[in-house]
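Chemist: Got a structure for you, written out below as structure tokens; questions coming shortly.
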Amino acid sequence: MNMNQYYDLDNGKNVMFMNDASSTSGYSSSTSPNSTNRSFSPAHSPKTMELQTDFANLNLPGGNSPHQPPMANSPYQNQLLNNGGICQLGATNLINSTGVSFGVANVTSFGNMYMDHQYFVPAPATVPPSQNFGYHQNGLASDGDIKHVPQLRIVEQPVEKFRFRYKSEMHGTHGSLNGANSKRTPKTFPEVTLCNYDGPAVIRCSLFQTNLDSPHSHQLVVRKDDRDVCDPHDLHVSKERGYVAQFINMGIIHTAKKYIFEELCKKKQDRLVFQMNRRELSHKQLQELHQETEREAKDMNLNQVRLCFEAFKIEDNGAWVPLAPPVYSNAINNRKSAQTGELRIVRLSKPTGGVMGNDELILLVEKVSKKNIKVRFFEEDEDGETVWEAYAKFRESDVHHQYAIVCQTPPYKDKDVDREVNVYIELIRPSDDERSFPALPFRYKPRSVIVSRKRRRTGSSANSSSSGTESSNNSLDLPKTLGLAQPPNGLPNLSQHDQTISEEFGREKHLNEFIASEDFRKLIEHNSSDLEKICQLDMGELQHDGHNRAEVPSHRNRTIKCLDDLFEIYKQDRISPIKISHHKVEKWFIEHALNNYNRDTLLHEVISHKKDKLKLAIQTIQVMNYFNLKDVVNSTLNADGDSALHVACQQDRAHYIRPLLGMGCNPNLKNNAGNTPLHVAVKEEHLSCVESFLNGVPTVQLDLSLTNDDGLTPLHMAIRQNKYDVAKKLISYDRTSISVANTMDGNNALHMAVLEQSVELLVLILDAQNENLTDILQAQNAAGHTPLELAERKANDRVVQLLKNVYPEKGELAMTWIPCKVKEEIDSSSDESSDAGQLEIKSEEMDIETKDEDSVELDLSSGPRRQKDESSRDTEMDNNKLQLLLKNKFIYDRLCSLLNQPLGHGSDPQDRKWMQLARQTHLKQFAFIWLGAEDLLDHVKRKGASVEFSTFARALQAVDPQAYALLVNPT
């Protein structure tokens, strides 16, 4: 017979109970609780037994589970918590130093693992005071003491997306699981802190499922001694070490499907053994564990995990006692999964399409699921609001191996637009509404018939009234006939007739509006006397021209003819001879194009003639300029959409470009392929045409950011063709063109130079320095790669090293200096590879004008900048003297020796003299990449023309008088 204490669930206190059975189920199996032979606790009343049985069978999640059990807020549950009868600490099972468990472990309290044992709270006297750790003796803290209870708090969440790798992919080095706020520098990692506790503890990190408080089949590994150690991972914290645990260098190994059950079962079994403080489980427990694992393995999300953090105290006997409820991180999604990975469009087959839609478009994308992906086209206004959207059409079979989508573009909302419309393309995953970033630009081009109609309309307004022999239908912008005019004496009054003779105005208000117009008033003012003699206005009835219109009498026909002749005479007298000639030239110009098979104008033909008829072409340009027909020239394009400038660039006839620009031809007009004349010149490698554009003074400024239908600017085309001289001229004209990304794959000029593996172009681009250099270096293309990352993928050590030398570190500005050895090698290699018939590539010196310590401006001019200060004796010397002195080996070596010595005074006596010299000569921007005085003097030697001798000498005198004397008096 046993004497046991049981907790009275109804009265909220412990009572003594005599039991002659050894059952641990809470009551004797041999005696009914209703028997009158014994004194039973009220805890064994039928109602209580029913509730107790229901409670024991409940599958309650841990305290930190995002899914609260249905009974969490029930009156019965609240009564248990208020009375202190149940120690609900989430997934914890408190174990005292003697190995006796206390607290209640429900079915899910051990990571959602089933347990067939019920643990009751011992009597208060049995709980040693030293085991409380901020809790009351019943294991619960009162409301007033919550702030003193040990608890874990996540300081840094893990990244939202991380690549899960298979074990076969774990060779070599890979990125670790970083924190959500991690940057290139500084990096952060998942971090958790233990609060309200001042003793030694262990913080454990393990991998859990997102929808259950249960381990995940994937492995959370840390590389140690060339091997991967699987979770859980433990970190010791204490008052001396601090209570912040940072888990670094962790990776996630994706478990193959055929091993999911095995790995999950092993993890759950190990965790249950640890929590029960046993060596092995019973056969029944193993069987139930297998069944539970089978259920979880079927529905487990293999592309989403989370971290579980737990805190323990290790007792003297080796028992691990939980200190606080576990906490769980945000979900970590598999970056390479089609279901949860990051969506990204890497490249478009073409960035343009027609407004009618149904154009085939191929998208190269990151991994997507064919059953869970959409391609969205959308347009935004100036405020970023979506004003139009549509989805591309494609079948599941059009998604090729999860990395390419062949789709048909949707039609644009307005099929009659007469200009290009810029929209965007993005991917959408309907399951979680994830969208690709960045959205790539796409251009809708108008229909050719609309463009042709627009071009004809531009010239037709003048053409309609161009000739004196034209019909009076278009004269003076008046109606075909004016029915209310009174003819000369002798003619009948027109108002006596019921029908009007007007064919253009059907309502009285239209006529009134016309009469009240400014043009009509001017007509009356300019020729009012003649009008009074010829016609008298009569406000007769103006009726609608119907089908039953009365026949016009013969005398009325004479009236119409008389008025037509009248207005024709007025028109001839009103138009000056030069205007008549203007209209005739314009008419011939347009008619010739319309009657031509390729719709070439006279200007197109004389420029593109096989034999360059310079005199004839120049005369034609002069005539067009004389009559100010620039609008006609810009609007009348041939069948290919080429202007006269396009044709001149195609035929490599640069001598026509400046006259055409002077006449007002637009150099930014695009042809049907989206190419401007400058695109054509670069594509055809006609350097003289490029120079004519860049050196001319066009009335319309050249726009080097315009892209063609392939998404390329002229600079992109020059880099792709590896044309150093063309790229150099374009960059000299507009440095901002370097940062323009092509619309096909998002690569800027630096990206493309890396892909071409051209060190010469890289140095050219990096030398064209401005305040945006750091942005260019850190810019990502559509695939999310920076130029340095692309270079590392190409594995060209020379290119990688060059970019690393200028790449910004730790928030510093990008280095504004290209190693001299690299430039010398480029010069020598360019000289050797240059052919006799090609332009020689030379590396010009780039001069630096230092305005202050934070801004450095470079001059791309070919000649060095020389500055003299007549007020100082030293500045009267040629600045090149500094270069000559430093080329003297004795002086150079001696200065290096002196400047590499410690300063010996000031706030930092150990600071080297050359560093102080760099600050005083405004070269502080470069000091962080210099290792010693040799680097400083090498820079001054190269850039001596931009470093004043007097400034350098005065700074050197303040830093080291001995070095100053050596420089001023080298003899």
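Every residue, even glycine, has its Cβ placed from backbone N, Cα and C.
Checked Swiss-Prot, it gives:
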type	residues	note
COMPBIAS	866-877	compositional bias 'Basic and acidic residues'
MOD_RES	SER431	phosphoserine
MOD_RES	THR620	phosphothreonine
MOD_RES	TYR626	phosphotyrosine
MOD_RES	SER950	phosphoserine
REPEAT	640-669	repeat 'ANK 1'
MOTIF	452-457	motif 'Nuclear localization signal'
Chemist: What number of additional C-beta atoms lies within 10 angstroms of the C-beta atom of SER431 (phosphoserine)?
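Modeler: There are 12 such Cβ atoms around SER431 (phosphoserine).
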Chemist: Tell me the Cα distance separating THR620 (phosphothreonine) from SER950 (phosphoserine), rounded to the nearest angstrom.
Modeler: 59
Chemist: Report, in whole Å, the straight Cα-to-Cα distance of SER431 (phosphoserine) from the residue listed as 'phosphotyrosine'.
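Modeler: On Cα coordinates alone, these residues lie 66 Å apart.
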Chemist: Under DSSP, is SER431 (phosphoserine) helix, strand or coil?
Modeler: coil
Chemist: Which ones in the same chain are close to THR620 (phosphothreonine), with CB under 8 Å and 6+ residues apart in sequence?
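Modeler: Spatial neighbours, sequence-distant, of THR620 (phosphothreonine): LEU602, LEU603, VAL606.
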Chemist: In the structure shown, which of the modified residues TYR626, SER950 has the fewest Cβ neighbours within 10 Å?
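Modeler: Among the modified residues TYR626, SER950, the sparsest Cβ neighbourhood within 10 Å belongs to TYR626.
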Chemist: On the 0 to 100 pLDDT scale, where does the motif 'Nuclear localization signal' (452-457) sit on average?
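Modeler: For the motif 'Nuclear localization signal' (452-457), the model's average pLDDT rounds to 54.
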